[in-house]
Amino acid sequence: MKKTVIALLAWFVSSASLAATPWQKITHPVPGAAQSIGSFANGCIIGADTLPVQSDNYQVMRTDQRRYFGHPDLVMFIQRLSHQAQQRRLGTVLIGDMGMPAGGRFNGGHASHQTGLDVDIFLQLPKTRWSQAQLLRPQALDLVSRDGKHVVPSRWSSDIASLIKLAAQDNDVTRIFVNPAIKQQLCLDAGSDRDWLRKVRPWFQHRAHMHVRLRCPADSLECEDQPLPPPGDGCGAELQSWFEPPKPGTTKPEKKTPPPLPPSCQALLDEHVL
């Protein structure tokens with residue numbers, strides 16, 4: 001277990017030691033009407049909002065990394081979700097990475113989070129608010145068994161399931177990425193109310209947090225949405241395929257060269273950095 005916690009902690013802090021990208025040199029949001037530009041994994045944002053770090057309903061982790069910027073829709077979603085969680089007495093919502101002041105590529109840890117429409121939220125709901133020291137060096141709680149086949153019963157709770165369900169039922173949310181074992185547990189617990197499960201997508205890692213993604217805002221004309229998830233609750237053969245051993249001869253895909261930036265994002269970099 002100790003090794004797992006260390007590995008998760010290393011994942012969250014590893015980016016601090018890597019070389020900065022040009023986007024990290026932009027220290028304040030670019031003025032203008034809020035516009036998410038490009039795709040979630042290749043884009044930027046004009047007119048980002050800052051998530052207030054002081055709130056009765058949530059706490060922001062790793063504020064020293066300055067990754068608490070996003071489209072106004074994302075800020076309002078976080079405030080809305082955390083308020084709903086408090087109304088239901090679930091606990092304090094712990095907010096992880098959103099995006100940088102102008103979005104763009106991180107130096108590590110994330111391929112997406114570039115257009116101000118993504119946020120990581122810990123799957124912990126502390127009843128006692130964390131100290132500043134805890135927030136700066138958060139201890140991720142691994143909810144998944146060592147073999148990756150199920151959640152750890154002593155760490156799973158109906159409150160965590162309720163938080164994920166609340167997020168999935170939000171009209172602005174298009175996808176929520178969690179570990180396959182977490183998705184599997186949600187499928188088992190859901191009962192007859194299953195429509196929201198369509199948005200909850202199994203993905204690698206995500207053992208201690210959920211990655212919430214919003215749809216492109218209607219007035220962000222250069223924003224590229226993903227196709228909708230397949231119909232259904234996603235609890236059948238597709239989910240089970242994540243638990244099958246790799247086929248013989250399967251190799252990890254090679255790292256791809258990042259595609260060219262959308263012209264508007266390149267122009268933003270040219271004006272503010274290069």
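Glycine residues also receive a Cβ, built from the backbone N, Cα and C atoms like all the rest.
As written in Swiss-Prot, here are the features:
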| type | residues | note |
| --- | --- | --- |
| SIGNAL | 1-19 | signal peptide |
| DISULFID | Cys44-Cys265 | disulfide bond |
| BINDING | His110, His113, Asp120, His211 | Zn(2+) 1 binding site |
| BINDING | Asp147, His150 | Zn(2+) 2 binding site |
| DISULFID | Cys187-Cys235 | disulfide bond |
| DISULFID | Cys216-Cys223 | disulfide bond |
| REGION | 225-274 | region 'Disordered' |
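A helical conformation is recorded for Cys187 (disulfide bond) in the three-state DSSP classification. Ranked by Cα separation from Cys265 (disulfide bond), the binding-site residues His113, Asp120, Asp147 are led by His113. Here the candidates are the binding-site residues His113, Asp120, His150. The one whose C-alpha lies nearest to that of Cys216 (disulfide bond) is His113. Note on proximity: of the recorded positions His150, His211, Cys223, the one nearest Cys235 (disulfide bond) is His150, by Cα distance. It is Cys216 that, of the disulfide-bonded residues Cys216, Cys235, has its Cβ surrounded by the most other Cβ atoms within 10 Å.
Checked against Asp120 (Zn(2+) 1 binding site) by C-alpha proximity, the recorded positions Cys44, Asp147, His150, Cys187, Cys223 yield Cys44 as the nearest. Annotation for the binding-site residues Asp120, Asp147: lowest Cβ count within 10 Å of the residue's own Cβ, Asp147. Cys223 (disulfide bond) is surrounded by 23 other CB atoms, counting those within 10 A of its CB over all protein chains shown. Cα-Cα distance from His150 (Zn(2+) 2 binding site) to Cys187 (disulfide bond): 12 Å (rounded to the nearest whole number).
Annotated pair Asp147 (Zn(2+) 2 binding site) and His113 (Zn(2+) 1 binding site), C-alpha to C-alpha distance, rounded: 29 Å.
Its own atom aside, the Cβ of His211 (Zn(2+) 1 binding site) has 21 Cβ atoms within 10 angstroms in the protein chains shown.
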